[in-house]
Amino acid sequence: RASQQAETERLSRWKKWRRTSSKSLKKALSEVKGLSSYLVLWQRDIHSIEGKFGTGIQSYFSFLRFLVLLNFIIFILMFSFVTLPIIISESGIFNSTAAYISPKNIEDNCTIYEPSGNKGLVYFSAFLKDLFSGTGFLEMTSLFYGYYSVDAVGISIKGYDLPLAYLLTTFAYLALSFLWIIKRSGEGFMQNLVHDADPFQSYCNKVFAGWDFCITDPSAARLKHRSLHYELQMDLQEEKLKQKRAERTMKEKLQIYSLRIFINIIVIAILSGCFYSIYRVTVFSQENSSVSIRNDTGTDSVNLLVQYLPSMVITLANFIGPLIFSFLIRFEDYTPAFEIKLTLMRCVFVRLASIGVLLFSLLSQISDCGTDKCEPCGYNYKLYPCWESDVGQEMYKLMIFDFIVILAVPLFLDYPRMLLVTHCSCKLIQWFGHQEFGISDNVLEIIYGQTICWIGTFFSPLLPAIATIKYFIIFYIKKMVLIHVRRPAARPIRASGSNFFFLLVLLIGLILAFIPLGISIAHIPSSKACGPFRNFTTSWEVIPYKILQFPTGVQQVLFGMASEAFAVPFFMIICIIMFYFIALARAHKQVVEQLREQLV
């Protein structure tokens, strides 16, 4: 310090001022960075949860925060490029106008769309039915696809092509979600590779680096002791099972493989039963709700029940399926770690595939042309005059019902159970104990809701706003449940591994969302009675239509990129690059194994 001060005295005034200002700037930036951490959503709450319950449970709440931010950005995209231009054109701001072009060479029957809006005095029960089902007064609001029946918006002198903006914004939110998930999962994958070491290294990690120094609460410290104890027990059990597996005779192997095949047949039968039930209930709900709305028959409560039947059956399948899988997995003689992974993957399949079955049922009904139902229009226009809004209503109902279930379970099941365990000394009730806060179950719950949001945003552009509010409320509900009602799981999962697994399942949900959206955009004819794509055969057709308006040179380049002459060489180059990286990864793996041997 003395030598630095001596050097400073010899410096010129200009250099002294530069050094002083540089230090002041660094200090100011450091203080701003410290203050900005207070602006991060739920920063204090998540740190508090991490301190009391460890990094495993903290990873769930961080994941929930990520989904809130993702949905908020998707909402900003859809609102800015799709909803806002129509609001501006309707209000006449900036000399704006809306252009409506009537569909040409289309039968008049295809253009008839009369939403079941309530006219005159509305009963409160009818208002509630519309609010929960997305029909009535909600059907022709900006919440659903049918509202956006505008071909172009003129703001001042410039024109705004709404159909093109609608489609490109859909691609933008899907691409944004995909890239953001890949970026986050890349970090988790690297951490996961470090932790997936051999048993000796795993044992050393638990003994020398297993403690979570974020923990400040004594009860959380005891929980961490128990979790480390449990992990060491599981490691020993896995080693015993590996030894037992190595000593199996051929007869024992045949017995266990036969039992696993039989159990997997039962699992497939349960899944088939669930999916068939969802399909039949969806068809029944669509046919009966459409008839009752057109003829104005049945009470509001019965109509609402019929419309919510698919959501109820899906929720029931999501509840019963995991219970049966958890019971059956015990007889398959797998290692504890693999048991958890296999059960989770089966639960993921039930939750996400149930949405797929619902959409398949809807889309098959829409494109059902068995008895010339869709002869003039290309789709079942009598049952679905504006089929995109109908699909949006189904996604809206799924999201609302999912939120109701998430609110109801702690209030009507977990809280009474906590009161009984706390105030009743009966041995049977004490044996049941407090309900555990299962991280994986809670994550699958919100991934299911996010998959609904991704699919539904094309058909209901403001659905991300509902999802943002929903997840915002869920954060506080889950926090209260964790602190006051439930206890942390006795079988904890590692934070690094869980983060990667959550994002992997979320990526599976996003890829699942691509399939029905791709079919809806490129294959099924767009509604001729509503929406921005009334004048196009399919929603995708707006892209080639716009390309044909470009200069000839640009057209040739774009069509050339879409041809086989470009696709085949491009695919071959991608394959060569992929094989190069695979070879590089193998070489790196060999070096890592050698380094591990040297460490040992």
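Cβ atoms here come from the backbone N, Cα and C positions, even for glycine.
Nobody curates TrEMBL annotations by hand; they come from automatic prediction.
What TrEMBL lists as domain 'TMC' is 386-496.
Here TrEMBL flags 66-88 (among others) as transmembrane segment. Cβ atoms under 8 Å from those of the transmembrane segment (66-88) belong to residues 41, 94, 96, 98, 142, 147-148, 150, 153, 155, 160, 162, 165-166, 168-169, 172-173, 176-177, 180, 184, 446, 450, 453, 457, 461-462, 464-465, 467-468, 471-472, 475 of the same chain, restricted to positions at least 6 beyond its ends.
Annotation comment: TrEMBL describes 164-182 (among others) as transmembrane segment.
Here TrEMBL flags 257-279 (among others) as transmembrane segment.
As annotated by TrEMBL, transmembrane segment applies to 308-331 (among others).
What TrEMBL lists as transmembrane segment is 343-363 (among others). Panel annotation: around the transmembrane segment (343-363), residues 267, 271, 274-275, 278-279, 282-283, 286, 310, 314, 317-318, 321-322, 325-326, 329, 390-391, 394, 398, 440-441, 444, 447-448, 451-452, 455, 501, 505, 508-509, 512, 515-516, 519-520, 524 of the same chain, lying at least six beyond its termini, place a Cβ under 8 Å from a Cβ of the stretch.
Remote same-chain partners of the transmembrane segment (500-524), defined as residues 6 or more beyond its termini with a Cβ less than 8 Å from a stretch Cβ, comprise 59-60, 63, 167, 170, 174, 177-178, 181-182, 184-185, 188-189, 191-192, 344, 348, 352, 355-356, 359-360, 363, 366-367, 379, 387-388, 391, 440, 443-444, 447-448, 450-451, 454-455, 458-459, 493, 538-540. Marked as transmembrane segment by TrEMBL: 500-524 (among others).
Residues of the same chain lying 6 or more positions beyond the ends of the transmembrane segment (566-585) and with a Cβ under 8 Å from any Cβ of it are 560. Residues or ranges marked as transmembrane segment in TrEMBL: 566-585 (among others).
Tertiary proximity for the transmembrane segment (164-182) is limited to same-chain residues at least six positions away from its ends with a CB under 8 Å from its CB atoms, namely 70, 73-74, 77-78, 81-82, 85, 148, 454, 457-458, 464, 503, 506-507, 510, 513-514, 517, 521, 532-533, 539-540, 542-543, 546. DSSP assignment over the domain 'TMC' (386-496) gives 86 helix, 4 strand, 21 coil. Per-residue confidence over the domain 'TMC' (386-496) averages 84 (mean pLDDT, predicted model).
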